[in-house]
Amino acid sequence: MASLSFIIGIIGNIISILVFASPIKTFWWVVKKKSTENYKGVPYITTFLSTSLWTFYGIMNPDGLLVVTVNGAGAIFQLVYVILFLVYAPKDKKVKTAKLVAILDVGFLGAAIAVTLLAFHGIMRLTFVGIICAGLTIGMYASPLSVMRTVIKTKSVEYMPFLLSFFLFLNAGVWSAYALLVKDIYIGVPKAIGFILGSAQLILYLMYNNKKSAEAIEEEEEEGGGGGSAHLVKGGIEMHSVEDNLNNRSLNKWKSLPKPNFSRQHSMQKIIKTLSLTPYELQSSWPLHKSDTEEGNLDLP
């Protein structure tokens, strides 16, 4: 049983360290951009507090070697994250984060260690620290409840990464088995709750994995509507182009018709002008030849 618990504890160490190392990519971008942008420092501050207290618990526990190794490594990871956050956070966020670090990671942690060493003795020290650690761990495992509520509301898992949920579920399951083998209630209770919540997250992921959120559906509908309008506009442009081509062909056809003879056109204009004349205008426009006037053949009105 001792060897089995040690093997499971080693597996738990490996999985937990992978979880602790998961924000490395995030902070790589923070260092590269020299800004924390919209990231929050609260998770790293609270995790540093939790891992530090669990390290202290493992030091006081005669069988707590694997607890010390995993939580000691986790505390180092979180300390680095907190320092990087304080370096690259904006001024207003930096002040708030520094205050929170002073309250939780310095004040509360220091007070818990001092009270444990000064106010309790023997097994009560382990009990006092174990209760504090279990309470903090339950609170950390309960924090994804808001994400689960968002998944149910939006019917989408885009706000709940699968790998993180899976590793948290696996981590809680392995440490629950370890706590059961070593009969440690302070590790077992919070890890069992974490295992149940992790299972619920995976069930939600299976339920809503292939479903799109309402916002995504609305965006697709808007894009579809825009595409329809674009087709209509394009169709209208094509219709106008066809009409323009027909008009141009008609105009070219008209231009290609044979032009009327100048003499015919002049004669026609003369006839129209003659028909529009008054009797007096007509009289003045007649050609008066010498023979006509001499013979008296001109019939005047």
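From the backbone N, Cα and C atoms, a Cβ is placed for every residue, glycine too.
Automated prediction, rather than curation, is the source of TrEMBL annotations.
From a predicted model like this one, the values you see are computed outputs, not experimental measurements.
Annotated features in TrEMBL:
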TRANSMEM  6-30  transmembrane segment
TRANSMEM  42-60  transmembrane segment
TRANSMEM  66-88  transmembrane segment
TRANSMEM  100-120  transmembrane segment
TRANSMEM  126-147  transmembrane segment
TRANSMEM  159-179  transmembrane segment
TRANSMEM  185-208  transmembrane segment
Does the transmembrane segment (159-179) come near the transmembrane segment (42-60), with 3+ Cβ pairs under 8 Å (pairs 6 or more apart)? no
Which range out of 6-30, 42-60, 66-88 gives the transmembrane segment (126-147) the most CB pairs under 8 Å? 42-60
